[in-house]
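Here is the structure we will look at, set down as structure tokens.
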Amino acid sequence: MVILGIETSCDETAVAVIDIQGLAKAPRVKILSNVVASQAKLHAKFGGVVPNLAKREHQRNLVSVLLMALKEAKLRNSKLQIPNPKQIPNSKFKTLNSILEREKELLTQVIKQMLPLRPPAIDVIAVTVGPGLAPALWVGVNFARALGYLWGKPLIPVNHLEGHIYTNLIPQIHEVKSQKSKAKSSPRPITYHLSPITFPALCLIVSGGHTELVLIRGYGQYRVIGETRDDAAGEAFDKVAKMMGLGFPGGPIISRLAERGNPRAFNFPRPMLNTKDYDFSFSGLKTAVLYTLRDPASSGITAKQRNDVSASFEQAVVDVLAKKTVRAARQYRAKTVMIGGGVAANRSLRSQLGEALKQALPNTYYLTPNTSLTGDNALMIALAGYFNRKKKSAWGSVQADANLRLDATSG
């Protein structure tokens, strides 16, 4: 089964192609392409992602990223099917105009570059429908709908967070290499036997937009047992970085500085550490860091103090995430524990959670995603599409939902 994945939930324009074969519980996946065009530098000047700017950039990037992904997958046919635009029925132009009426810049590129292209040898298109930024999501969804119409292929709507869960199934992968097009792409097709999940499983999803503990009873069976009540963990990382003038995205910068700092230098609070539920809160921790930085004694913060603040803040976040995850794993007798999302790349979180599980639940299987796949990408969407292959839909019925929950995805 050859699946084309499309991801535009935030500020990464991504397209991937995978070929997945074998038994449903132990499939083999060949990664034919995995292309990501990042907008991070563009949004950095604003200190965060600007939704309408992200929408504009997705429109500008999607066609070129798709063509690169098809070329890498050796699915792009250089022979044009219809070299003369006059041969294209007017009804086809009208339908495309209807699908992409809110994405005029993308429409122009689709008509110019996609209409003449022969349909590639794919079976289905998996696309992120939520959660995420509505303007960004709709660009990807409408692009997928246009491709589904042009190529006569069904669509699989995918929950973005479900994609983060399934990145854990890829045992290892080469680091993503940078391309001249400012996109990122895997160097060559590699076949992997996906790691099995022993259920029940628990996944801690931590990113700039989400912090959730998800109980998984089986493939596609999700229950959110805990989530943040205010800031997501990744959002707190970004805001603390901004307080110290470190730039955006701040998470990776904080983590690098933390490696050189003392995690016990500042006694920051661990919000909701001992509550009986599995919810999180990071706004109080963020405020505590702000007050520390505003302290007259901290004026003209030194590099060492910045490292110590980073390390102490990071440790406070890790303590809360690790303790609640281990406690939930014990209560629900999880046989597999996973992490996903951008913050899953954090070395301290990965190692300390693993050590805590080893001490408390030595028989629990601990899965972590490759760090090159913790950020948003379309490979994870294509992979999630495989596990949702029974949800194939006609192109006209797929809609974006910026507030989509994993609970709603269960079925």
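Just so you know, glycine gets a Cβ as well, placed from its N, Cα and C.
Unlike curated records, TrEMBL annotations are generated automatically.
A sphere of 10 angstroms centred on the C-beta of His160 (Fe cation binding site) encloses 28 other C-beta atoms. Under DSSP, His160 (Fe cation binding site) is assigned to a helix (H, G or I) in the three-state scheme. Look at TrEMBL and you will find His160, His164, Asp376 tagged as Fe cation binding site.
DSSP gives Gly208 (substrate binding site) a coil state; it is part of no helix or strand. TrEMBL lists Ile205, Val206, Ser207, Gly208, Gly209, Asp238, Gly251, Asn346 with the feature substrate binding site.
Here TrEMBL flags 30-80 (among others) as domain 'Gcp-like'. Residues belonging to the domain 'Gcp-like' (30-80) score a mean pLDDT of 89 in the model.
TrEMBL lists 116-170 (among others) with the feature domain 'Gcp-like'.
Per TrEMBL, domain 'Gcp-like' is recorded for 197-382 (among others).
In this structure, the binding-site residues Gly208, Gly209, Gly251 were compared by how many other Cβ atoms lie within 10 Å of their Cβ, and the smallest count belongs to Gly209.
In this structure, of the binding-site residues Ile205, Val206, the smallest number of CB atoms within 10 A of the CB marks Ile205. Checked against Gly208 (substrate binding site), the binding-site residues His160, His164, Asp376 differ in C-alpha distance, with Asp376 being the nearest. Counting residue by residue with DSSP, the domain 'Gcp-like' (116-170) contains 28 helix, 12 strand, 15 coil.
Broken down by DSSP into helix, strand and coil, the domain 'Gcp-like' (30-80) contains 27 helix, 9 strand, 15 coil.
In the shown protein chains, 24 other C-beta atoms lie within 10 A of the C-beta of Ser207 (substrate binding site).
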